[in-house]
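Participant: So that we are looking at the same thing, I have put the structure below in structure tokens.
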């Protein structure tokens, strides 16, 4: 894993600032909606890579956390002020991540993947069961006085926080420990790193951010039910975007999320019935042809070019 | 008393199906070392095949069953040769193979599922075949379940005999236990892997046809079957046939009990509960030997 250089840090902060100014300059609702969609995927792909990048534990359960965030808002959103609701969402998401992590992160990566593979489906079934049997409703409405602009800014603020936090983690002892774990877990154990604890901390942080994304996005949905908010396609898109960009670097997922969310937006509008086929095909192309992500491919190309010139 | 017999019969028959489907996956994962996340999609594809053949052309599902074996074998052989062998070559069958094959088959899952949604829509399907009740010890059970159970036992026995009594079976076991050493005694690991992977595909296709005779299914249900098969093979110990059978029956029993006595909406929760307790209690599975 490479540490981001000063130049790229400045570039990203500049981009964030420019993105934050957009709704002030233009009042076009279509672009604002596009901006919200882009930033939610950038956010989730980056949060996913915070854990899965250095540890190489592939999590297929992003939507379980996203949906829990959305549901937290749907259930207590009317009764409590928004910051408290967000705190409750984060607490719920972190608790689930902690339980999953404690059960699986001691073991080999395969168990973790398998567990997360069905986790969203399990949470969806449990929510459906609860709604049908206890509350006797299927869906819930979310009427909150939150403007799209506000959602957009909340997402960007969260993204800035995530960048700052993961930059800090990479510089800390924890970040160093994670890089060793990613390279060779056995070595990490032997030099005295508490492997399970490091992985657990990162998994909880990553999941908390994804949960919060779901909570921020909830007012945009207006209506949610378990099938909508635990839709496996979301997890899938997050993994694809992070992998395309390269989960190994801090800003790789950004490079993957922006073009792919635009592409998916176009595909889902143009070919709604064949969307899943195209998505799966795009995923396979990425796994076969850019296994380490665009960022790594580009820098390898750059290095080769430099060598050829010299 | 009648309830107990009924629960036993339903649990055993459902468990038989799970055991058979899990045996296919344990062949693919334990021998060919491919974590095949699109596995359940082939089950649903075969179920849709049987459904279409029965409702449009009145073909007896038992005929479809006989056809599903070679078709499932061929499709999975192709999947291995075209999609997975480049990954095997790239990773030199090392630890990266597991992640890569997992991601590639995750993509495949969405492609196959998408094709089925386009062809059959997202709703639930079922048909009536041999659904008349048979009285066993006071409990009523549909005949199709009994047919299914008999066939899964037959499939399990033949796989067991093949692995334990034939030369080819010994080669498969060699690749499963020591893929690095198998070439030393003249075993073509790549070829054995491809064929074992395909046999797993034949098993899951047959499982799909059998499942379609008594279950309602939809295009998006493949994930659940993959999940269950994974849980069963981990519970039984990866690569362990007997383990897969015992764990499959256990899962079928547990699901039937909960669905009947508590709530059918909680079956997946039972799966997870069993999975969790195995992970916490015996991570190597009920019959597996701990590694390291």
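Cβ atoms here come from the backbone N, Cα and C positions, even for glycine.
Please treat TrEMBL annotations as automatic predictions, because they have not gone through curation.
Small disclaimer: the values here were computed from a predicted structure and weren't measured.
Found this in TrEMBL, in case it helps:
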{"type": "TRANSMEM", "residues": "A:30-50", "note": "transmembrane segment"}
{"type": "TRANSMEM", "residues": "A:57-76", "note": "transmembrane segment"}
{"type": "TRANSMEM", "residues": "A:82-103", "note": "transmembrane segment"}
{"type": "TRANSMEM", "residues": "A:110-130", "note": "transmembrane segment"}
{"type": "TRANSMEM", "residues": "A:150-169", "note": "transmembrane segment"}
{"type": "TRANSMEM", "residues": "A:200-218", "note": "transmembrane segment"}
{"type": "TRANSMEM", "residues": "A:238-264", "note": "transmembrane segment"}
{"type": "TRANSMEM", "residues": "A:276-302", "note": "transmembrane segment"}
Participant: Can you tell me which parts of the same chain pack against the transmembrane segment (A:238-264), counting only residues 6+ beyond its ends and a CB-CB cutoff under 8 A?
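Facilitator: Same-chain contacts beyond the flanks: 1-2, 4, 8, 12, 34, 37-38, 41-42, 44-46, 48-49, 52-54, 58-60, 62-63, 163, 166-167, 170, 210, 275, 279, 282-283, 286-287, 290, 292-297.
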Participant: Top stretch among A:30-50, A:57-76, A:110-130 for CB pairs under 8 A with the transmembrane segment (A:82-103)?
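Facilitator: Against the transmembrane segment (A:82-103), the leading stretch is A:57-76.
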Participant: Output the single range from A:30-50, A:57-76, A:110-130, A:200-218, A:276-302 maximising the number of Cβ pairs under 8 Å to the transmembrane segment (A:150-169).
Facilitator: A:30-50
Participant: Compare A:30-50, A:57-76, A:276-302 by their Cβ pairs under 8 Å to the transmembrane segment (A:200-218) and return the stretch that comes out on top.
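Facilitator: Checked against A:30-50, A:57-76, A:276-302; highest Cβ contact count belongs to A:57-76.
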